[in-house]
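K.L.:
My questions all concern the structure below.
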Amino acid sequence: MPTNWKDSGLRWYWVVVLVFIADQVSKQWVLTNFELHESVNLLPFFNFTYVRNYGAAFSFLSDAGGWQKWLFTFIAVAFSTILTIWLRKQPTKVWRLNLAYTLVIGGALGNLIDRLQHGYVVDFLDFFWNTSHFAAFNIADSAICIGAGLIILDSFIGDDKEKSQNGQNDNNAAKE
């Protein structure tokens, strides 16, 4: 474990701040410039469409009656805390996991602020093909998904250099 925060994954916390600010600024822009369900076509497959999401990803539990706000608040705080602890224990050089954790934290905190401030999450990125629309989402959702993807990727490939060093250290310890 790194002896100080400067040598740990906490040095990557600037990503949390960047994701959080980009998410909140973009949502504030949507709230200022769009009416609910207003849509502006930008590309043949992409709209800005202001929608409110009272649930989680893909509007999961959006019709649950309000208790889900507190469940998702607890989950966001818990995951952000756990990932921050893990960042503190990781060396700075483990870039893939540090980036992944900070993307997830930034996204979780961005959506957490929406839930606490509005009671819902502001979504506006609307991709579609012909008449089939993917669930609208936001920058925080994107960061969470990219972070989760990096965690999954790292579980398969990891940092080969670090794994080989750990393997050599294990072999040296076994010889002694």
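Placed from the backbone N, Cα and C atoms, the Cβ positions cover glycine too.
Residues or ranges marked as active site in Swiss-Prot (evidence: sequence analysis): Asp123, Asp141. Positions annotated as transmembrane segment by Swiss-Prot: 12-32, 67-87, 94-114, 133-153.
Tell me about the surroundings of these features in the structure.
P.N.:
Following the DSSP three-state reduction, the secondary structure of Asp123 (active site) is strand.
Asp141 (active site) carries a helical DSSP state (H, G or I).
Within its own chain, the transmembrane segment (12-32) has Cβ neighbours under 8 Å at 48, 50, 87, 92, 95, 98-99, 101-103, 105-107, 109-111, 113-114, 122, 124, 138-140, 143, counting only residues six or more beyond its boundaries.
Residues 8-10, 12-13, 54-56, 61, 97-98, 101-102, 104-105, 108-109, 111-112, 115-116, 119 of the same chain lie 6 or more positions beyond the ends of the transmembrane segment (67-87) yet place their CB under 8 Å from a CB of it.
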K.L.:
With a Cβ cut-off under 8 Å, give me the same-chain residues at least six positions beyond the ends of the transmembrane segment (94-114) that come close to it.
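P.N.:
Apart from its flanks, the transmembrane segment (94-114) reaches 9, 11-20, 23-24, 27, 72-73, 75-77, 79-80, 83-84, 86-87, 120-122, 138-144, 146-151, 153-154, 159, 162.
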K.L.:
What whole-number Å value do you get for the CA-CA distance of Asp141 (active site) and Asp123 (active site)?
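P.N.:
About 9 Å separates the two Cα atoms.
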K.L.:
Sequence gap of 6 or more, C-beta under 8 Å: which same-chain residues meet both conditions with respect to Asp123 (active site)?
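P.N.:
Expected: Tyr50, Val51, Arg52, Asn53, Ala135, Ala136, Phe137, Asn138, Asp141.
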